[in-house]
Amino acid sequence: MYLLIVFLPLLGSGVAGFFGRFLGSEGSAIMTTTCVSFSSILSLIAFYEVALGASACYLKIAPWISSEMFDASWGFVFDSLTVVMLIVVTFISSLVHLYSISYMSEDPHSPRFMCYLSIFTFFMPMLVTGDNFLQLFLGWEGVGLASYLLIHFWFTRLQADKAAIKAMLVNRVGDFGLALGILGCFTLFQTVDFSTIFACASAPRNSWISCNMRLNAITLICILLLIGAVGKSAQIGLHTWLPDAMEGPTPVSALIHAATMVTAGVFMIARCSPLFEYSPTALIVITFAGAMTSFLAATTGILQNDLKRVIAYSTCSQLGYMIFACGISNYSVSVFHLMNHAFFKALLFLSAGSVIHAMSDEQDMRKMGGLASSFPFTYAMMLMGSLSLIGFPFLTGFYSKDVILELAYTKYTISGNFAFWLGSVSVLFTSYYSFRLLFLTFLVPTNSFGRDILRCHDAPIPMAIPLILLALGSLFVGYLAKDMMIGLGTNFWANSLFVLPKNEILAESEFAAPTIIKLIPILFSTLGAFLAYNVNLVADQFQRAFQTSTFCNRLYSFFNKRWFFDQVLNDFLVRSFLRFGYEVSFEALDKGAIEILGPYGISYTFRRLAERISQLQSGFVYHYAFAMLLGLTLFVTFFCMWDSLSSWIDNRSSFIWIVSSFYNKKSSQQ
């Protein structure tokens, strides 16, 4: 049963990929959706047995690599962390598959799309169930490859090509850091198995590595692993690929942002909690990185006009919350927020897809407006998703995001206070752009063409069913799962997560945090909604004052251009590498040394040599006789010199033999 959870999506992908032309669009969609749905049902059974029954399952399938000290095998671990991730991945993926049946029905390449979607789903369970770093890395690279294929699905669009290449290249930076971290783990622990590494994590706390500076070994490994998480989970510095990934079909965006690729980094940090707990420096770096990411993405999202990009930046911001929750050693709350976030983020993306699908692929919110009367169901779904996103009381997002902020405050450290205040300000911006999206899309007077309004329609039944199920999750999952997963005294994560006793602050955040600290997120959410209402729906004079202010214009330009991250990376890194590639790789090597030492140089040398030799053919006999005499003289001279040298070598060998024999006789007499 456990193996079927992992390999059923692979079966569906293989059938759709190899036999899609015979099954057709409907047959491929039914096959892939059925396989992923059965995987989701089996994940629920595994959750009951493993998480609720408190009985982890470990499977060793077969040896994989065995080379002297390096030994890796195919193995799967099913603990509470794994089964929670499996439910999130398979349940969201099954709904996305069902949604895609209607959304992609008119696309001629629908079987290929369903094949890619299922292979994407397969690699994520492979990542979360692996019992060693090597298997995790296989799933890690697999989701990167599948995301490239899905973002690049409409390959005739230039922007889709550029976005897919950008996602692949930016993630290569993080993947390189992860690979170095795995290599460091093997160097330090002589294994890549999680169980062995985590059991020995406390032993090398005082091990040091000298590379022009003295570095703690565990800290270095954790920083390298963090680089991998920064790339995959779109944290500050390597976050630029995530908004551009919106060039793929909307179901792809929902799957990437809600359940698969971007959650891999958070999962990896939670899985490696026994390592990170013994590196306070790495935890501080994680906290600062997550807090800055949440603030950066929130401030960027308030000025985006693309419907999907606004939701994409909200994903980036929420990932920042998950990362800095890991930085303050609350991995359980981070994973809980990951699970809650999956429901309302998938709901937001699929609701946006319903609008885009009905509006003939229009994504600019400024060209919409007044759609609440035409899309009452979609409007209700997006309203519920937005309220859950901002942490509206008693909805799913409220039970995890507010807890993260309270924990950051009661950490009572500089990094904790930094994360709390930046996270709280990010709540204000999150509320602002969430309500701005609702106002510009559904409530302001319409800016669409009349023909578009007349022919638009609400979500059909196959697209509405996933929205209803996700809406129920966005309303009730947080309330139902809070006490089980992050309640005081729960042992839900006992077999998967590790926290040092000195870092346990959940009880303190529950009882010692001041009431005003608990109310700050709600107050900021209300303020953000009020500002969005006044700026976008009521007060035109505020917009005019904003446009005439020099400072506001510069601030607008700064946020609208994404803090100039793309420009800085292009000017200082991309162009430098392209220039280096042209001047060194192309001109100096390809067209220089390789050509000279390679085919061009060899052919030129032999051609010139042949021309020189051909000039010796003068036609005079005495020239040939002189050449023969010269050659014979050189031949005889060489052999005479060789005979003299060889005789000298032979005489020296004889002398050594005589002396050694005399020495042996003398030794025997003594």
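Yeah, the Cβs are placed from backbone N, Cα and C, and that goes for glycine too.
From the options 165-185, 375-395, the stretch Swiss-Prot describes as transmembrane segment is 375-395. Distant neighbours of the transmembrane segment (36-56): 1-2, 4-6, 8-9, 12, 77-80, 82-84, 86-87, 90-91, 93-94, 97-98, 118, 121, 125, 491-492, 494-496; these residues of the same chain sit at least 6 beyond its ends, with a Cβ under 8 Å from one of its Cβ atoms.
Long-range neighbours of the transmembrane segment (283-303) within the same chain, counting only residues 6 or more positions beyond its ends whose Cβ lies under 8 Å from a Cβ of the stretch, are 223, 226, 230, 234-236, 239, 269, 276-277, 309-310, 313-329, 408, 415-416, 418-419, 422-423, 425-426, 429-430, 432-433, 436, 556, 559-560, 562-563.
With Cβ pairs under 8 Å as the measure, the transmembrane segment (375-395) is packed most heavily against 461-481, out of 3-23, 319-339, 461-481. Here the transmembrane segment (3-23) has Cβ contacts under 8 Å with residues 31-36, 38-39, 42-43, 46, 59, 61, 76, 86, 90, 93, 111-112, 114-116, 118-119, 121-122, 125-126, 129 of the same chain, all six or more residues outside its ends. Taking pairs at least six residues apart, the transmembrane segment (319-339) and the transmembrane segment (76-96) share three or more Cβ pairs below 8 Å and count as touching.
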